[in-house]
């Protein structure tokens, strides 16, 4: 009640042109430890994903749709961590936690765009596995270079378009204080809660679009894996069954990690969010998941593992 009163009381004051990111307000020792953890994670994430892109591009054995989409995912992950982590690392180092309104909206736009793109891309990858396992004879004729390119463009264009609608609604809201964002980057919920006007329309648009961009790909993924599972179980050869399972487990693991975190964060009403819990979940999917994804793919995929061994052996 007091916070709402403050917000409405400040309505006639000057509009906010910068925010303060609260980040992780702990003691110096904890801050130093977090800085080192995030710095190492950032370097590891960039390196791992760059290696995957390099290996996929340089090896003829990996010139397949599955690895084309994996290359897209790795490219996305590099930008995904680069939207939030450099700013956070700079804030740790310089103790300057301010961010201008335009920088905040830009960060929000690119973060949400890349997350929405990943939702669609994971659905595309599931559809690719469905065709490869359930329709192996027709697969080369259906999943052509042209279709791969079109599906990747669809993923990127869809993600960036939906985010544009979301962020244009949020950026048009008046912000007039308090200007402290209880987060380590500009995310939808903490930014929305700083507006000093009725945010129900922006909230409804955001919630509806979050459901569309999360649930439509999720339905495609569930349908694809349902068909894959029934096809694998009906296989008579144990070797074929094992091979089919091994090509899907890495992708399915990433899907579970990504969607469980994003559904928790974005597909529920805003006001009930406990912010410190938000920050912990955000660290998991915005910082650690992009570092985990290449490891999951490389450790759970025999083909990638063998090629990685050859590359390391050569060098």
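A Cβ is built for glycine as well, from the same backbone N, Cα and C atoms used for every other residue.
Whatever TrEMBL says is automated annotation, not expert-curated.
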Checklist entry - transmembrane segment per TrEMBL sits at which of 108-127, 168-187? => result 108-127
Checklist entry - Sequence gap of 6 or more, Cβ distance under 8 Å, 3 or more pairs: do the transmembrane segment (147-165) and the transmembrane segment (279-299) meet that? => result no
Checklist entry - Which residues of the same chain, at least 6 past either end of the transmembrane segment (207-232), have a Cβ under 8 Å from a Cβ in it? => result 116, 119-120, 122-123, 126-127, 129-130, 133-134, 158-159, 162, 165-166, 241, 244-245, 248, 252, 255, 259, 262-263, 266-267, 269-270
Item to check | For the transmembrane segment (108-127), sequence-distant contacts whose Cβ falls under 8 Å of one of its Cβ atoms, 6 or more beyond its ends | outcome: 66, 69-70, 72-73, 76, 79-80, 83-84, 151-152, 154-156, 158-160, 162-164, 166-167, 170, 185-188, 191, 213-214, 216-218, 220-221, 224-225, 251, 254-255, 258-259, 262, 286
Next on the checklist: Within the domain 'G-protein coupled receptors family 1 profile' (48-297), what mean pLDDT does the predicted structure show?
Outcome noted: 87
